[in-house]
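A short worksheet on the structure shown next.
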Amino acid sequence: MADGIDRKAEERMEFATSKEVTVAPTFEAMHLKENLLRGIYAYGYESPSAVQSRAIVQICKGRDTIAQAQSGTGKTATFSISMLQVIDTAVRETQALVLSPTRELATQIQSVVMALGDYMNVQCHACIGGTNVGEDIRKLDYGQHIVSGTPGRVADMIRRRNLRTRHIKMLVLDEADELLNRGFREQIYDVYRYLPPATQVVVVSATLPYDVLDMTTKFMTDPVRILVKRDELTLEGLKQYFIAVEKEEWKFDTLCDLYDTLTITQAVIFCNTRRKVDWLTDKMREANFTVSSMHGEMPQKERDSIMQDFRQGNSRVLISTDVWARGIDVQQVSLVINYDLPSNRENYIHRIGRSGRFGRKGVAINFVTSEDVRILRDIELYYSTQIDEMPMNGYLRALLAPQSGEQMLVEEKGHSRQGGIATRLSNLIVFSSRNICVYGLTSNPKHDTQKPLSGPVDMFYVLDTSHCHAKVHLLVVEGYDYFAKFKAAAVHAAPVYMNKQATLEKVVRLIKQAGQEGIKLLVFPETFVPGYPYFIECYPPLKQVSALAQYASQSLVVSASSPEIAVLTNACRSSFVAISLGISERVEGGYTLFNSQLHIDTTGAILGVHRKLQPTYVERAVWAQGGGHTLKTWRTEGGYNLGGLCCWEHTMSGARQALIEDMQHVHAAAWPALSTMAGFEAGADAQIEALMKAHALTGQVFVVCASNYVDKTCIEWMAKNLGEQDLVKRGGGWSAVIHPFCVFLAGPHTGEEEKLVTAEIDLKELAAVKVWVDAAGHYKRPEVLKFNFNRGAIWEDDKRIVGSRQSREDVNADAVEKMVERGEASKADISDQNHAP
């Protein structure tokens with residue numbers, strides 16, 4: 001995967017394409033404007049997708065074009081790039097018009113156009129219903145190169161003569177099947193008759209039925225056709241299932257079971273009517289579930305607010321009508337539930353395309369009553385696909401079905417129904433602790449052995465038999481995607497020492513390499529940017545002063561507005577790789593430095609920053625102490641919790657336990673090369689190995705340990721700026737990937753050879769380890785051992801430090817004084833600390 005698009009799926013895609021269409025292998029081969037190319041690459045694209053490589057050149061030539069391809073293959077960028085290529089930004093008139101069936105889609109297109117045209121000074125306005133007409137008039141009178149809108153409002157602005165059409169060169173109909181097949185048709189014709197006769201028409205959609213294609217002959221001239229064959233339309237990597245609910249009134253209980261059972265990032269639930277959306281939203285909230293909802297009758301401001309919350313992840317489940325089915329892109333959506341099967345076949349492919357965007361894995365679940373079976377089979381035949389019964393549905397039915405006449409009440413978060421408990425408990429394999437029992441089930445639901453399972457299981461169920469109730473949950477509710485498998489790699493490499501820009505370029509190159517190799521998590525060494533300050537070990541303090549100043553200037557500021565951070569987030573998003581990057585972090589507006597790990601997800605979102613709690617005694621000349629608020633794990637798009645520590649922090653048992661208690665699944669360990677330093681040659685690598693294996697086993701986590709090696713750029717920089725030294729030599733480093741049972745999955749790798757030390761991580765194996773030992777669960781004695789983690793401790797990040805030049809000693813003295821006032825330390829303690837060596 002690269003650029004967020006599944007290239008393997010693209011290669012398998014077959015096109016019924018006009019003969020004159022050629023394939024442009026790169027964006028450069030399309031001869032696009034230089035500033036447009038800059039915008040394309042800044043947006044995260046590296047090479048064109050299948051539909052882009054075929055359609056952009058034809059559209060730019062002025063040909064009427066019909067482009068159809070799967071959801072998530074870059075169709076919006078296809079016509080956006082084409083429009084930006086043909087418009088003249090020196091002419092402040094509307095030159096391209098895009099019509100969309102929904103307000104949200106029109107707004108999203110505006111955002112894409114503005115992002116791709118960031119270096120072109122382009123003006124683009126979303127002209128949509130439900131917003132202030134006066135604002136539309138003001139914007140249009142100012143002059144807009146491109147207008148993206150809904151047919152009704154656009155037609156109104158044209159009739160008012162505020163949207164001038166005489167300079168329009170191109171009309172784009174996005175989701176054209178919806179625009180031409182519903183109530184929009186007359187409005188479309190209304191707009192079209194006001195356009196210049198030579199206006200180029202571009203028709204784009206994921207589905208284009210034959211009757212819609214036939215309709216295009218009325219307003220298109222000899223169009224180029226780029227059409228995906230119908231049986232290629234079901235989405236690659238998207239699992240489709242159905243659950244037989246038999247009766248309409250059973251759907252709600254089934255949905256509640258799924259909601260409790262599945263661990264998801266975000267989900268969309270589709271209903272066929274606005275009334276059903278409102279009813280289901282109320283029912284879910286009455287049952288204490290957190291959901292949001294959206295449909296066409298809502299005021300635009302409310303719809304915008306709901307969309308913003310959902311995009312930002314503040315809302316996890318959205319219930320909607322088909323107003324959300326087309327073109328809307330929220331990359332974190334991993335699950336689509338068709339509470340009602342769509343009323344037409346085309347909307348099915350649009351709905352399920354909301355999950356698994358840009359090649360990511362997703363799941364579509366269809367609730368099927370006895371009356372819906374015919375519709376489901378029709379969808380299967382039309383798209384030449386197979387929709388299987390959801391496997392878990394069979395497991396739940398077996399576990400809850402009445403056995404031997406025994407009836408018990410099953411209670412789940414405020415709703416209840418009748419069910420039974422399976423009596424075959426011979427496959428009890430995990431443990432029984434008070435009222436909690438865990439059962440393992442294999443992938444074969446017919447498994448009927450009378451002996452405990454000795455091999456690995458595919459799913460665990462937790463059965464709570466307290467208070468004469470049975471509560472059934474999947475173990476995945478503990479906080480990770482039980483079925484996730486992915487490649488992780490430790491970066492064993494050297495930075496371009498004390499050269500932030502060159503090192504960032506190297507980081508981007510390694511991220512791209514990881515994406516090409518299918519790696520989803522990349523862990524970098526400690527302070528990889530701009531390099532570990534070995535000079536603090538090699539030279540007397542007075543000699544270090546100038547070096548420390550240079551080191552501060554080469555340190556990274558972590559800010560949403562930082563172009564350096566944008567380079568990293570774009571690289572992660574375009575290659576779909578998450579990273580844990582060791583950096584020397586400088587506070588924005590100040591000179592305080594921290595030894596930090598920057599965690600960025602596969603979506604390009606910044607998960608957070610961990611700051612080393614306590615630098616070693618020599619490191620305190622460089623870095624301040626990190627706060628407890630950064631000692632945590634972050635939930636990733638991959639379905640696991642990621643956390644990390646730097647170097648000798650791993651000797652702090654409390655710090656490691658804090659991550660364990662925070663449900664860590666994958667640990668990013670950042671180290672510098674130690675074995676090249678005089679006095680450390682013999683024991684450094686052995687010490688690192690011991691600490692890494694200890695954390696893997698005691699924390700029941702996968703450890704990805706990354707270390708740099710010392711190369712000539714480091715040695716030469718110190719010699720040139722500070723003089724010759726013989727304490728640090730070239731080479732060294734220790735990088736590996738370690739299983740929770742202390743087995744090397746990859747590595748250890750040492751020495752002066754750059755390598756991505758790569759292994760596959762199977763999160764399912766965490767459960768097998770936790771059967772034996774679970775330091776945050778059943779193998780825990782809270783009544784004997786209690787831990788106090790003060791994650792509110794922000795010693796070094798006090799507002800008096802950030803952005804100020806107050807001396808570190810004054811700040812520490814003030815912080816200690818506060819501890820005395822709170823009763824957390826005594827005067828004697830302070831005196832002892834002040835006289836400590």
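Using N, Cα and C of the backbone, Cβ positions are placed for all residues, glycine too.
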Can you say which of 25-53, 83-111, 257-285 is given as motif 'Q motif' in TrEMBL?
25-53
Spatial neighbours of Glu526 (active site, proton acceptor) that are distant in sequence (at least 6 apart) but have CB under 8 A:
Tyr532, Gly582, Asn595, Cys646, Cys647, Ala670, Trp671, Pro672, Ser707, Asn708
Secondary structure tally of the domain 'DEAD-box RNA helicase Q' (25-53) (DSSP, helix then strand then coil):
17 helix, 0 strand, 12 coil
Let me know the model's mean pLDDT on the motif 'Q motif' (25-53).
88
Which secondary structure state does DSSP assign to Glu526 (active site, proton acceptor), in the simple three-class scheme?
coil
